[in-house]
Amino acid sequence: MSGRGKTGGKARAKAKTRSSRAGLQFPVGRVHRLLRKGNYAQRVGAGAPVYLILELAGNAARDNKKTRIIPRHLQL
């Protein structure tokens with residue numbers, strides 16, 4: 001009783017995380033949730049957590065005098 005009729009219809013696509021869409025190994029969904037729960041702003045855009053992660057990683061790379069972001073910079 002899926003409600004798609006006899007032909008079957010389209011099945012739902014496999015879930016894809018926002019981290020994989022952004023090409024990051026960092027939890028974009030978790031950062032977004034924390035931005036919303038932390039009362040930083042009334043509304044938080046979909047790209048805000050991705051930008052925040054990359055901005056902080058870029059700052060860490062610059063502090064280490066590197067021009068390329070590596071996974072270690074995401075952790076710092």
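Glycine is treated like the rest: Cβ placed from N, Cα and C.
What Swiss-Prot records for this protein:
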type: REGION; residues: 1-23; note: region 'Disordered'
type: MOD_RES; residues: S2; note: N-acetylserine
type: MOD_RES; residues: S2; note: phosphoserine
type: MOD_RES; residues: S2; note: N-acetylserine
type: MOD_RES; residues: K6; note: N6-acetyllysine
type: MOD_RES; residues: K6; note: N6-(2-hydroxyisobutyryl)lysine
type: COMPBIAS; residues: 7-19; note: compositional bias 'Basic residues'
type: MOD_RES; residues: K10; note: N6-lactoyllysine
type: MOD_RES; residues: K10; note: N6-(2-hydroxyisobutyryl)lysine
type: MOD_RES; residues: K10; note: N6-succinyllysine
type: CROSSLNK; residues: K14; note: ubiquitin cross-link
type: CROSSLNK; residues: K16; note: ubiquitin cross-link
type: MOD_RES; residues: K37; note: N6-(2-hydroxyisobutyryl)lysine
type: MOD_RES; residues: K65; note: N6-(2-hydroxyisobutyryl)lysine
type: MOD_RES; residues: K66; note: N6-(2-hydroxyisobutyryl)lysine
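Least packed by the Cβ count within 10 Å, out of the modified residues K37, K66, is K37. Across the fold, the C-alpha of the residue listed as 'N6-acetyllysine' and the C-alpha of K65 (N6-(2-hydroxyisobutyryl)lysine) stand 62 Å from each other. Cα to Cα, K14 (ubiquitin cross-link) and K66 (N6-(2-hydroxyisobutyryl)lysine) are separated by 37 Å. Between the C-alpha atoms of K65 (N6-(2-hydroxyisobutyryl)lysine) and the residue listed as 'N6-lactoyllysine', the distance comes to 50 Å.
Annotation for the recorded positions K6, K16: lowest Cβ count within 10 Å of the residue's own Cβ, K6. Residue pair K66 (N6-(2-hydroxyisobutyryl)lysine) / K16 (ubiquitin cross-link) shows a Cα separation of 31 Å.
Secondary structure of the compositional bias 'Basic residues' (7-19), assigned with DSSP and counted as helix (H, G, I), strand (E, B) and coil, comes to 2 helix, 0 strand, 11 coil.
Note: the CA-CA distance between K16 (ubiquitin cross-link) and K10 (N6-lactoyllysine) rounds to 17 Å. Counting every protein chain shown, 7 other Cβ atoms lie within 10 Å of the Cβ of K10 (N6-lactoyllysine).
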